[in-house]
Amino acid sequence: MMVAWWSLFLYGLQVAAPALAATPADWRSQSIYFLLTDRFARTDGSTTATCNTADQKYCGGTWQGIIDKLDYIQGMGFTAIWITPVTAQLPQTTAYGDAYHGYWQQDIYSLNENYGTADDLKALSSALHERGMYLMVDVVANHMGYDGAGSSVDYSVFKPFSSQDYFHPFCFIQNYEDQTQVEDCWLGDNTVSLPDLDTTKDVVKNEWYDWVGSLVSNYSIDGLRIDTVKHVQKDFWPGYNKAAGVYCIGEVLDVDPAYTCPYQNVMDGVLNYPIYYPLLNAFKSTSGSMDDLYNMINTVKSDCPDSTLLGTFVENHDNPRFASYTNDIALAKNVAAFIILNDGIPIIYAGQEQHYAGGNDPANREATWLSGYPTDSELYKLIASANAIRNYAISKDTGFVTYKNWPIYKDDTTIAMRKGTDGSQIVTILSNKGASGDSYTLSLSGAGYTAGQQLTEVIGCTTVTVGSDGNVPVPMAGGLPRVLYPTEKLAGSKICSSS
């Protein structure tokens, strides 16, 4: 059986991973596969079990199911997974369906039995650690979940926050420009309300700090993704991050870096929403503009406390799938390459590698098992190749993850960027011409390579030679991304059979 070069490389690199740690510095070099536990894999291994996203019901995904599919995840070069919240949820089937997603918790000291047992969750952590991989768990400190109107909540159902005294007085957020409302009023509506915990109270604050430390310890968790961060006052978060004792990355759902970046002063990292829309808009059509993306790369790099600790993404369970905008596979390849080779920690959402095309929630929460988990799909292979060169560059260049990505070229349809110290840099050229894009040679300056140096394009496994003027003649065709790395540095790596 023929085995792809990237599979051999990734296996060799990851089984040799060093002892696990969970500091922000360690997380810089990770690559995250994000999944909804209920929608990724079932214990019975079924690839045909029905999962109608419109029903918004539990579909049967489990922690054991994830364990059984770690080869599939690791085969793409991912070094970590992020799973949705593990706490016990409201038990009812509401008018909006079940709490299969995990964001309507009612008992923070019990686990969601739909996903499995405490032993199953511990087994998942152990299985990841045996592979040199990390476990990131989603957590919610802002709110609980209630099946009913905000004005008639039975607070006794919440554990341990079993009285109204623990919560902000009921009011729904009316004005998102008013930060006081954003923090003190409630999310949800009168069908499913999300009672808002008053995290300014010491009793609430201390409960959360004790809880998060215990959660991390009990299940050997390596990192946390924190939901609805902007809905909690900033001075709550440093203590929470410290109590967790691991890298914390927060969801601050706002596109303005002037609003989002300061949250990095109160926790380790945030999801890179400022770059999300420029990235999406650059590649969701063949008429997208590279200008906003080029400018936002530089803005985030200069304005955020540390862009190398942000999470880069273009898909998640809250936003429409990239393929819901366009079915052009070349555009999807470019956006995936950007995610993996930009500054920060790459995040690919389960199903993205199979070109899933669900629109707004709940359509974007498809069951991954219905794809059959093919490892020969075009995006699976592209993601594996991009992760492979990133992982390899990190292993060879201690400064790679802290070297800030530098856009070196743009035109109406192209952006090029370099990352890594001189002599070991990756240069990525991205196009939005799409699959019908013409063939041409781009003369690229500013890449930092030397005249006559041979480079390997690691997606297509071809080579190019740097011109006498230092420019790189990059052959472009079919709107595909190009990723360059010095050929001599690949010796022994198995990447492109070491060229």
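Backbone N, Cα and C atoms are what each Cβ position is placed from, and that goes for glycine too.
Since the structure is predicted, the reported quantities are computational estimates derived from the model, not experimental observations.
All protein chains considered, the CB of Asp227 (active site, nucleophile) has 21 other CB atoms within 10 Å. Annotated active site, nucleophile per Swiss-Prot: Asp227, in sequence order.
In the three-state DSSP scheme, Glu251 (active site, proton donor) falls into the coil class. The active site, proton donor annotation in Swiss-Prot covers Glu251.
Swiss-Prot lists Gln56, Trp104, His143, Arg225, Lys230, His231, Asp318, Arg365 with the feature substrate binding site. Counting every protein chain shown, 23 other Cβ atoms lie within 10 Å of the Cβ of Arg365 (substrate binding site).
For Asn142, Glu183, Asp196, His231, the entry in Swiss-Prot reads Ca(2+) 1 binding site. Look at His231 (substrate binding site): DSSP puts it in a helix. Sequence-distant contacts (6 or more apart, same chain, Cβ under 8 Å) of His231 (substrate binding site) comprise Asn142, His143, Val182, Glu183, Leu187, Asp196.
Residues annotated as Ca(2+) 2 binding site in Swiss-Prot, with similarity to another entry given as evidence: Asp227, Glu251.
According to Swiss-Prot, the feature signal peptide maps to 1-21.
Per Swiss-Prot, site 'Transition state stabilizer' is recorded for Asp318, and the stated evidence type is similarity to another entry. When other Cβ atoms within 10 Å of the Cβ of Asp318 (substrate binding site) are tallied across all protein chains shown, the result is 14.
Summary: among the binding-site residues (His143, Arg225, Lys230), the fewest other C-beta atoms within 10 A of the C-beta are counted at Lys230. Geometry remark: Gln56 (substrate binding site) versus Asp227 (active site, nucleophile), CA distance 20 Å. The two recorded residues Arg365 (substrate binding site) and Glu251 (active site, proton donor) have their Cα atoms spaced 18 Å from each other.
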